[in-house]
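Copied from TrEMBL, the annotated features are:
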| type | residues | note |
| --- | --- | --- |
| BINDING | 7, 8, 9, 10, 82, 83, 84, 85, 86, 87, 88, 113 | CTP binding site |
| SITE | 14 | site 'Transition state stabilizer' |
| SITE | 22 | site 'Transition state stabilizer' |
| SITE | 161 | site 'Positions ribitol 5-phosphate for the nucleophilic attack' |
| SITE | 218 | site 'Positions ribitol 5-phosphate for the nucleophilic attack' |
């Protein structure tokens, strides 16, 4: 089976625009997380969808699903997230195995709740890639020159731009392999390796690249939010 894992456990501390996490802010006429969830529901290859939410916001998320979702509502599962991104992913893994058992044929398509413009092409490509390669990451080529600085004040290196990519989501995994990779980390590594695909890279597990889209932006700052509002034709809130 193919499962969606929408990561909505953050508290949006970098925006400070409202008294709620940014994934619950409206884009146009509905919350950002609902836009994201709808994209997953419109992808028939994703059979069940788990949304990992901060424990204090689980009831609110359930209310949003009841209010806005009219298709495949029975496929949506709201669960408490963990203390960080990877803990939320592993909570979703635990919920999947609780509900559907363990299987080598279980795959998880994880995605930021604050990337509401993910396309059906990206989702379908992730499903196909993870079935074939076990781990895949969505990326776009870097358009700006990337510089490396060890101390934050002087350039240490300028990598060749043609080899640089910007990571997006989805990041997708065979569930059994993800469990194995995560279990091999010590507590310090779990704290440092906040990107799920890096858990695979540092253990020499191949990670396949899926082509993303510049429009698949992550709403992290107030400026991002204004761009996202413009993209849906909604009112920009200062």
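Glycine too: its Cβ is placed from the backbone N, Cα and C atoms.
Curation does not apply to TrEMBL; its annotations are automatic.
Structure with TrEMBL features highlighted.
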residue	record	DSSP (3 states)
7	CTP binding site	strand
22	site 'Transition state stabilizer'	helix
82	CTP binding site	coil
88	CTP binding site	helix
161	site 'Positions ribitol 5-phosphate for the nucleophilic attack'	helix
218	site 'Positions ribitol 5-phosphate for the nucleophilic attack'	coil
Alpha-carbon spacing, residue 161 (site 'Positions ribitol 5-phosphate for the nucleophilic attack') to residue 218 (site 'Positions ribitol 5-phosphate for the nucleophilic attack'), which is rounded to whole Å: 22
C-beta crowding around residue 22 (site 'Transition state stabilizer'), within 10 angstroms: 27
Among the CTP-binding set 7, 8, 9, 10, 82, 83, 84, 85, 86, 87, 88, 113, as the record gives it, the longest Cα-Cα distance in Å: 16
Inter-residue Cα distance where the pair is residue 218 (site 'Positions ribitol 5-phosphate for the nucleophilic attack') and residue 22 (site 'Transition state stabilizer'), in Å: 11
For residue 88 (CTP binding site), nearby residues of its own chain (Cβ under 8 Å, 6 or more apart in sequence): 7, 9, 52, 81, 82
Distance, residue 86 (CTP binding site) to residue 218 (site 'Positions ribitol 5-phosphate for the nucleophilic attack') (CA atoms, angstrom): 18
Residues satisfying Cβ distance under 8 Å from residue 84 (CTP binding site), sequence separation of at least 6: 191, 194
Among 161, 218, the most crowded of the recorded sites [Cβ within 10 Å]: 218
Fewest-neighbour residue among binding-site residues, criterion Cβ within 10 Å, set 9, 82: 82
Neighbour tally for residue 86 (CTP binding site), based on other Cβ positions within 10 Å of its Cβ: 22
